[in-house]
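Data first, discussion second: the structure below is written as structure tokens.
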Amino acid sequence: MNVYYEQDADLGYLQGKNIAVLGYGSQGHAHALNLKESGLNVCVGLRPESASCAKAREAGLEVNTVAEATKWADIVMVLLPDQNQKAVYDAEIAPNLVAGNTLAFGHGFNIHYKQIIPAESINVIMIAPKSPGHLVRRTFTEGNGVPCLIAVHQDATGEAKQQALAWAKALGGTKAGVIETSIKNETETDLFGEQAVLCGGSAELIKAGFETLVEAGYPEELAYFECMHELKLIVDLYYEGGLSRMNYSVSDTAEYGGMTRGPRLITPAVKAEMKKILEEVQDGRFAKEFIDECNGGYKNLNKLREENSGHAIEKVGAKLRDMMSWLIKK
């Protein structure tokens, strides 16, 4: 696996080019501002009615429609929600691309699952910071950066990889390390991680633990602290030094209990289900299901959102978080 740093990337591959960042959400604002402050010529492409137009202009960025920004640009970074990209690409991006342009993405979903199929005369690259946008922005302003993944899907000009590395450098990523991968590997591992561990697995584990304690007669407040609130303390230890750092930092009681009881929860049957989830990502079944869900008006997703928001852990959690003066209230 190739890892690149400051000396491996040259901003010259982006200097003098017009760069459009489509979208101004979590990642979009970080990409646009970091590239602008790296001395590059950037504009933001948004719907005219978007509330983000005013925010981008207030930050000193030029704002145009998606079509206008694409037509003006040599390099176009698509940072719109996955489910919106195909329609916007077909209507406003593709008609305004010309041979030799570069089309960039922050995630490979639409390229990998062939929702978007660019012309062969276009460079297609991916630059994916492995952090939320606010952290991409904050570390840049502090003179640092976050690790990034890059991939080249199509190299029409012979400069696609150099452009991807230069973009990662302009984000600050080469100060932390830039890993070269493929669209396929980024997409499939990202989706699996979200579903089986980060967003799906962890949420269900938290709820099951909370419910087990409450059903046994313990106060909801204690159940919340033990199964939700304190999870951050453990994850921070993982983040800083891996599993060993966590085991070293907790009590012997916690370490022994975790090592002997944890495998009783995450059994071979659970791992077998993980493999099924991965297969659904790999063969496109999840992508088709998600696209159909979006096209159908999010009926199942909205139902699931309502069920989750009504869970007891959400209600007691909101009450307890109001008592935590150190939390930034939003």
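Backbone N, Cα and C atoms are what each Cβ position is placed from, and that goes for glycine too.
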Residue from Gly100, Gly108, Gly133 that Swiss-Prot also lists as binding NADP(+) with Tyr24, Gly25, Ser26, Gln27, Arg47, Ser50, Ser52, Asp82, Gln83, Asn84, Gln85: Gly133
Where Ser26 (NADP(+) binding site) falls in three-state DSSP terms: helix
Arg47, His107 as recorded positions, winner by CB count within 10 A: His107
Least surrounded among the binding-site residues, given as Ser26, Ser52, Gln83, Gln85, Ser251, when other CB atoms within 10 Å are counted: Ser251
Helix, strand and coil totals (DSSP H, G, I; E, B; other) for the domain 'KARI C-terminal knotted' (182-327): 121 helix, 0 strand, 25 coil
